[in-house]
Every structure is written in structure tokens, then in C-alpha cells.
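Quick look at what TrEMBL annotates:
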REGION    1-27  region 'Disordered'
DOMAIN    20-80  domain 'MADS-box'
DOMAIN    106-196  domain 'K-box'
COILED    179-208  coiled coil
Amino acid sequence: MELPNQAPEEGSSQHHQKKMGRGKIEIKRIENTTNRQVTFCKRRNGLLKKAYELSVLCDAEVALVVFSSRGRLYEYANNSVRGTIERYKKASAASSNTESVSEANTQFYQQESSKLRRQIRDIQNLNRHILGEALSSLSLKELKNLESRLQKGLSRVRSRKHETLFADVEFMQKREIELQNHNNYLRAKIAEHERAQQQQQQEQEQQNLMHGNMCEDQSTIASQTYDRNFFPVNLLDSNNHQYSRQDHTALQLV
């Protein structure tokens with residue numbers, strides 16, 4: 001007896017999944033009218049959905065045209081069905097006429113290159129004319145036009161030259177003022193330094209003078225002290241002689 005909670009066997013589960021899976025449909029005309037109409041509606045809607053998704057996801061230009069078996073039209077286009085069809089016609093015509101397109105492109109590039117060569121030649125001739133060369137081939141009218149152009153260009157050059165000169169002069173004037181101010185500053189610093197040196201020299205001289213005076217005072221005091229302590233030798237001898245005579249007299253009186 002099998003339990004209710006017991007899982008089914010593996011082989012039986014795979015067989016069940018195969019039965020539940022979507023089977024393959026043979027691609028052929030559906031004979032049943034009802035089934036054919038139902039299948040048409042489903043496949044048509046799926047095709048329109050895929051066309052919309054393709055246009056949105058890939059930013060592609062999509063045009064879809066479907067006619068049913070009864071002749072009813074179903075269409076979808078992210079821009080315009082007619083515009084897309086016209087673009088298709090042009091693309092198909094271009095693909096069929098690849099050789100003619102390449103020939104047209106070759107002719108176009110040849111025309112452009114010849115035009116560019118002509119422009120380069122005209123510019124070179126104009127440069128020579130401006131330099132005063134190859135003027136013999138010019139007519140009187142062309143010479144007048146060239147003269148007028150040269151005068152206009154010369155006036156513009158002179159105007160620009162004057163503007164540049166004025167700007168340079170203004171700059172030099174500003175620079176002169178800056179240098180003059182800097183020079184005055186340096187002069188003031190030098191004068192201040194010289195005054196400081198003079199003051200220092202005066203203080204040094206005063207200190208030297210005071211030191212000399214002190215030395216003289218000390219020498220004077222020393223000489224005066226020496227004079228007070230000095231006794232002449234004659235005076236000492238006379239005093240000693242007098243004292244000896246007195247002693248001698250005293251001895252005699254005794």
C-alpha cells in the first residue's frame with residue numbers, strides 16, 4: 001500500500017512532464033475554418049507585437065502589412081507605411097543600380113576636385129597680384145579693383161598697427177610709473193640706511209670720546225696721588241741730620 005505523502009517515481013514524473021509539454025505543430029494549411037481563423041488571430045497579434053518590440057528595442061523602422069484570407073487589411077508602422085515603402089523602393093533601386101551610383105559618385109568627386117583646383121589657382125594668382133607680380137595679364141578694371149582692395153587692406157593694416165603702438169605706449173608708460181615708484185622706494189631705503197650708519201658712527205665717536213676722558217681723569221688722579229706720597233731726598237737727609245745733631249747735643253748735656 002502506497003503512502004499518500006510518498007513522492008512518485010522519477011520515471012513517472014518525467015513521463016508526466018512530457019505529456020504536459022507543448023507539442024510540435026506541423027506547418028501546413030489548416031483545413032478547419034474555425035481553427036484557421038483562431039490561429040490567424042493569435043499569430044497576427046503575436047506578429048504585430050513582435051514588430052512593435054523590434055521597433056522600440058532596436059530603434060528600427062518597421063512596416064508590417066497583413067491581408068487575411070477574406071481580404072481584410074491589417075498593418076503596423078512606427079513611422080508610416082507609405083514612407084517605409086517609398087524608402088524600400090529607393091533602397092531596392094539603389095541596390096539594383098549600384099554601378100550607376102558609383103559612376104555618379106566618381107563624376108561628382110571629379111567635379112569637386114576640379115573646382116578645388118580652380119580655387120587654388122585663383123588664390124595663388126591673387127597672392128602674386130598682391131605682391132605686384134604677373135600684372136601684365138590684368139585689364140584696367142581688374143587693376144583698379146586690385147588697387148582698391150590693396151588700399152582697403154593697407155588702411156586696415158595701418159589701423160591695426162596704430163592700435164598696437166598705442167597699446168605698447170600705454171603699457172610702457174605704466175611700466176615707467178611702476179619703475180619710478182620702485183626707484184623712489186629704493187632711494188628711501190638707501191637714505192634710511194645711510195642715516196642709520198651716520199647715527200651709529202656718531203654714537204661710536206661719543207663712546208670713544210667718553211672713554212678718552214675717563215682715561216685722562218684716571219691718569220690725573222693717579223699723578224696727584226703719587227705727588228702726595230712723594231718726599232724729596234734732601235728734605236729727608238736734612239731732617240735726619242738735624243735729628244742726629246739734637247741727639248748729639250742731648251748726649252753732651254747729660
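Quick reminder: no glycine exception, Cβ is built from N, Cα and C everywhere.
Automatic, uncurated: that is what TrEMBL annotation is.
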For the domain 'K-box' (106-196), residues assigned helix / strand / coil by DSSP: 82 helix, 0 strand, 9 coil
Confidence summary (mean pLDDT) of the coiled coil (179-208): 91
Residues of the domain 'MADS-box' (20-80) by DSSP state, where helix covers H, G and I: 26 helix, 10 strand, 25 coil
